[in-house]
Amino acid sequence: MSVSESHDIQLVIITGMSGAGKTVAIQSFEDLGYFCVDNLPPSLLPKFLELMKESNSKMSKVALVMDLRGREFFDRLIEALDEMAENPWITPRILFLDAKDSILVTRYKETRRSHPLAATGLPLEGIALERELLEELKGRSQIIYDTSDMKPRDLREKIVKHFATNQGETFTVNVMSFGFKYGIPIDADLVFDVRFLPNPYYIESMRPLTGKDKEVSSYVMKWNETQKFNEKLIDLLSFMLPSYKREGKSQVVIAIGCTGGQHRSVTLAENLADYFKKDYYTHVTHRDIEKRSRK
């Protein structure tokens, strides 16, 4: 389903339960070329849109995250939505992200964060209050996603499919680094083993670092065999990806593995994603980068 172009500004308001995936959502819209604002106070929404209209901005696609922290914010957002309904140059949509209570509690425990509305620190208390506050807004939402069984990549792909303005944006290249010692990713379409490359792990100063650090990536990429492999891999994928897309595949998961998923695979995955992002919607993840604690 494509976004209509019948109005000047296509507006997506991202809201929903805390922990349901709003951060992933706003990042996905940013990758789709939306002008994104996180946590804009509802009282500023009408003025913000007026300023965009008056500035003759070419930013016709806007995505906003609206987090509710109390009844006052909620009431003001409802008023702002009513005001927007009278503006013919705005096409507003509300994307509501939800998840089961048990899943939200688990996510809060994993991140060790407190629910913003939990006065006592108990997640279920905040979740119950938030559901009550958001009930009317959920009823007004045009799009509702239950992210209970979604990984971040699944949510990204769903958003891309729904909001992409052309067919090319619906094909996703997911690049993943991993460590063979933790197993090969079961959802990988293509797996490449880079354990033959020189390993920074054996250099003491680089051991606690990862392939996202400049010192490590420079070391990995300085070798002739790394450069040749990277060149051949890009050449191979440049041939394969258009064929995958032509066959109607919505995404390709490219997994690059080294021993622990910290250095070589991370460097190559970052390079690969950076190269292909000019032609495809590209997302990079490092599955095992947090498995080993830094010292």
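Every residue, even glycine, has its Cβ placed from backbone N, Cα and C.
Annotated ATP binding site per Swiss-Prot: Gly16, Met17, Ser18, Gly19, Ala20, Gly21, Lys22, Thr23, in sequence order. Met17 (ATP binding site) falls within neither a helix nor a strand when secondary structure is assigned with DSSP, and so counts as coil. For Met17 (ATP binding site), the count of additional Cβ atoms within 10 Å of its Cβ stands at 24 [all protein chains shown].
The GTP binding site annotation in Swiss-Prot covers Asp67, Leu68, Arg69, Gly70 and is backed by sequence analysis. Residue environment of Asp67 (GTP binding site) contains 16 other Cβ atoms, counted within 10 Å of its Cβ in all protein chains.
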Least surrounded among the binding-site residues, given as Ser18, Thr23, when other CB atoms within 10 Å are counted: Thr23
Ala20 (ATP binding site) CB neighbourhood, other CB atoms within 10 A: 25
CB within-chain contacts under 8 A for Lys22 (ATP binding site), separation at least 6: Ile14, Thr15, Gly16, Val65, Asp67, Leu97
Binding-site residues compared (Gly16, Gly19, Gly21) - highest count of Cβ atoms within 10 Å: Gly16
